[in-house]
Amino acid sequence: MEDTAKLIVYRDGEIIRNTHEGVKFVCQNPFSFVVPCTMTFMELQNGLCQSMENGTLMRVSRILYRNPVIVFGGLIQFDTMPITDEVTMRNMFQIHRQTQMQQPQIELYVEFETVEAEGIQNDLEVVNDRAAVYEGMSSDSEEDFEATYEAGDEEQDGDAGVETAADNVVVHPSSSQPMNVPPFMRELDLDTMHAPEFPEYSNIGVADPEDGEFRIGMEYSSRKSVVAAIRSYTIARGVDYDVYESERQTFYAKCKMYGRGCDWLIRASLIRKKGCWEIRRYNGRHTCTTRVISQDHSKLDSDTVAEAIKPLVETDPSIKVKTIIAKVQSRFNYTISYRKAWLLKQKSIAKVFGDWEESYQALPWWLSVMVQKMLGSVVQIETRPLYNGNEEAQGGIQALQAPSSGGKYKGTLLVAVAQDGNQNIVPIAFALVEGETADAWHFFLRNLRMHVVRKDGVGMISDRHESIRATVNHSGGDWQPPRAWWMFRIRHIGSNFLRAFKVPHLQKLVVNIGYSRMMEEYNINYKRLEERGEAYARWCDAIGLRHWVLAFDEGHRWGHMTTNFVECINSVLKGARNLPVLALVRATYYRLNELFTQKSAESHERKRAGYTYSVFAQQRIEASMQQAGNIVVHRFDRRNEVFEVHEMTSEKVLVVDLARRTCDCGHFQVE
């Protein structure tokens, strides 16, 4: 039995985006019919027009497929995919075969336009002409093939015809957001969500790798890829061509010097039997004089260069602009400006990871899917009115769990991290905000307290930012003693001191004050600073001792002198900050998923091996056992809580109180 599919067709309705399942088509009277999965694009258009029983001559102007995308290991979300040619038709049926258990029918949103009778007649003539051409393309006779493609009107239409024929498609927000998982997001071998249309055609965009020349019979997955290959070939050799024929089923070009010392020409055609484009005629190398490429080569446009650097961006979105400039220079012998290289990088990022603007449109539904799949995750989105003149436009987004971008659009990443018993850095919350404003910090810390840090007695280390201070002071006690202790990065205090007084030789002394574990140590360092200037000491006093001096923080810092472990998490986020917001969030999600999975496996393996403590704790215990050989301990009370410890090497006598968790050395309290 022939493979068939049921089509549900919507027209004169609405495309609703950002629903709980992604894109949704609605209309008053959808209709349906069954079609073979071998149906061609032209047959689909004709079938849709014949279904319109209103007596008016109609033509299909647009077809959108409600494309089911598998996310999070089985959950379906829908986006739109334009159906524009044979390739996208085959892709649609292929996706349907893979997902028909979850989505048994194919849903299409179709737009029609009314045409005059004379226009229809002209269209039919064109269709008939193209059908004749198609027979020639499919023919195995070289004579028939050449007769079909005699160029009668050698009008030089340039590349404009190429781009118009290939790219005159309206792309909607969600359809431009790729749902595959690039390798840089995680090192696991995941199934991508959008597989290549024709993975067997691996020579997309390149000529023969041996000598860089084309060969008759070479196959390409699409019209766009074969034109890109011809462009790249032309630019690399410093030559140029004119387009003699640019249609949906054929592309025919000749050297600009054709007939004047060079016979170079190339013709590529769509072969319907194979579902690919093929080089059908090629005259070999250029015989005209090769020259060094100029700065204004007509074929070296932004699309060509963006496509050339696309593999670099896909591997490392944080690639330096100067590296891109060098790549273009080596590939095309053409030096582009820094600004153009930056713009091309953003264009390539959009090609690989999705459109920058539309990424914001797709973000809410992706986050909603994440929460459904990952129980216990929390997403909080706040929007504010955005006005275009006097009219309210779409709101700006602030979201817990969404890191920010350092790419085309500026934003600020707020991140909270902690450490587990094995010194592993554990990210616990992210926020994507416009900047370090009081509102942004209030949004972040409020949600952090509400959803993540619910226990009391915690310590929070951060920079000494005024917006954080304002949030803490107006938190209703959520981030104040006894519920929480807010402390500063000690090295950040040193940097602030240097900016305030411009005395580098005293910066280290200020840092040493912060690192003082015992009162005696603090008094010595503080007195040294005061002797060098009373203003310096008063500046330190104004900060508040418990915020930055170890001897006064009552152990709430747990031995963390600075927030350098926040910088460590940048290795997890490397490259992600240069991406459109949705790709950035997804990269963070997959990388943290990989991190947590690996650490969980390590801890379970250690337990199975019979260990009681983590690696870090075990090492600390063993080190302490070794040091215990050089001390003499005397018990001071019958409850075994207070002890006198005599260090043989230093001859120090210290008192340890286990009940109060104190030691005269200061380490017990601090750590």
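In case you wondered, yes, glycine gets a Cβ from its N, Cα and C as well.
Note that the coordinates shown come from a computational prediction; the quantities given were computed from them, not determined experimentally.
Looking at 137-160, 401-424, the range annotated in TrEMBL as region 'Disordered' turns out to be 137-160.
With DSSP classes pooled into helix, strand and coil, the tally for the domain 'MULE transposase' (408-475) is 22 helix, 22 strand, 24 coil. Within the model, the domain 'MULE transposase' (408-475) shows a mean pLDDT value of 88, rounded to a whole number.
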